[in-house]
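Quick notes on the structure that follows.
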Amino acid sequence: MSKKPVRVAVTGAAGQIGYALLFRIASGEMLGKDQPVILQLLEIPDEKAQKALKGVMMELEDCAFPLLAGMEAHSDPMTAFKDTDYALLVGARPRGPGMERADLLAANAQIFTAQGKALNAVASRNVKVLVVGNPANTNAYIAMKSAPDLPAKNFTAMLRLDHNRAASQIAAKTGGKVGEIEKLTVWGNHSPTMYADYRFATIGGKSVKDAINDQVWNADVFLPTVGKRGAAIIEARGLSSAASAANAAIDHMRDWALGSNGKWVTMGVPSKGEYGIPEGIVFGFPVITENGEYKIVEGLEIDAFSQERINKTLAELQGEQDGVKHLL
């Protein structure tokens, strides 16, 4: 018997990441090859953006995806999020020239407060929310705080791009296969302060830490490369990472919805005090997902170097949150 379609809302749907994302969702890559989807696509009310969205929808039609059960264009989150089962919040205010970080936080606080309130009012009570738009952790925190009637645990931020970037660097360094890496994680904020941690990781069943055995490379090459990869891509491409961000969003949602088969993945999730992270902060943790739920991997030893890195990314996140508290 065929499954009932689920509703997937995507914001910033006509943007670069949206364009790299929608066709993969419609083809079944995110929720499975047997799960029909209805796409509820949100763009800003601007005429140009809405016209671009219509063009994307024409292309989606022209793909004749068997799993695409319907699609809708919206300019208001109150209609775009109606009964939605999954919400990918991709659209955010990018940092413009001469813009201070505080201005960026304030502009995004406005967007994500409105979207959180709309989700709270009209979305499915079990909606799974992934925030992709930066600053992702803080935007997820804002949306979560604006949706008091929804479970806080259902608001997540994307750290999977950092996770995937770290995995690629490790595979290149060790000569191993990226698909054979397990127990890698990224702690903290989706920003250059993130801490990609391979102390527990294996590649082809062998310890990554032992294979690399180079703390100088870890601190001076690996972590800066992963942390500043987004900036390096903008420098090279003239545009920010879109296809790789969309790919990470698919990975994050697929594992959350369908399970990670016992493997560690990284998600930005609200802390309940694990590893000394204050409750409610949306922080990157190692998680295992099963039956639509994620569980933080607990009991890992945090050495002095790791604690220092975790403290640094936590301090940045607390600074961001303090910067938006008065707006919530």
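Easy rule for this one: first residue shown is 1, then count along the chain.
A Cβ is built for glycine as well, from the same backbone N, Cα and C atoms used for every other residue.
Feature annotation from Swiss-Prot assigns active site, proton acceptor to HIS190. Every protein chain shown contributes to the tally, and the Cβ of HIS190 (active site, proton acceptor) ends up with 30 other Cβ atoms within 10 Å.
Sequence-distant contacts of GLN115 (NAD(+) binding site), defined by Cβ-Cβ distance under 8 angstroms and a gap of at least six in the same chain, are THR11, PRO77, PHE81, LEU89, ALA143, SER146. Taken from Swiss-Prot, the feature NAD(+) binding site covers GLY12, ALA13, ALA14, GLY15, GLN16, ILE17, GLY18, ASN108, GLN115, VAL132, GLY133, ASN134.
ARG95 (substrate binding site) falls within neither a helix nor a strand when secondary structure is assigned with DSSP, and so counts as coil. Cβ contacts within 10 Å of ARG95 (substrate binding site), excluding its own Cβ and spanning all protein chains shown: 15. What Swiss-Prot lists as substrate binding site is ARG95, ARG101, ASN134, ARG165.
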**Message:** What whole-number Å value do you get for the CA-CA distance of GLY12 (NAD(+) binding site) and ASN134 (substrate binding site)?
**Reply:** 12
**Message:** I'd like to confirm something. Which of the recorded positions, ARG95, ARG101, ASN134, HIS190, has a Cα closest to the Cα of GLY18 (NAD(+) binding site)?
**Reply:** ASN134
**Residues that sit under 8 angstroms from GLN16 (NAD(+) binding site) by C-beta distance, when 6+ apart in the chain** = LEU239, SER240, ALA242
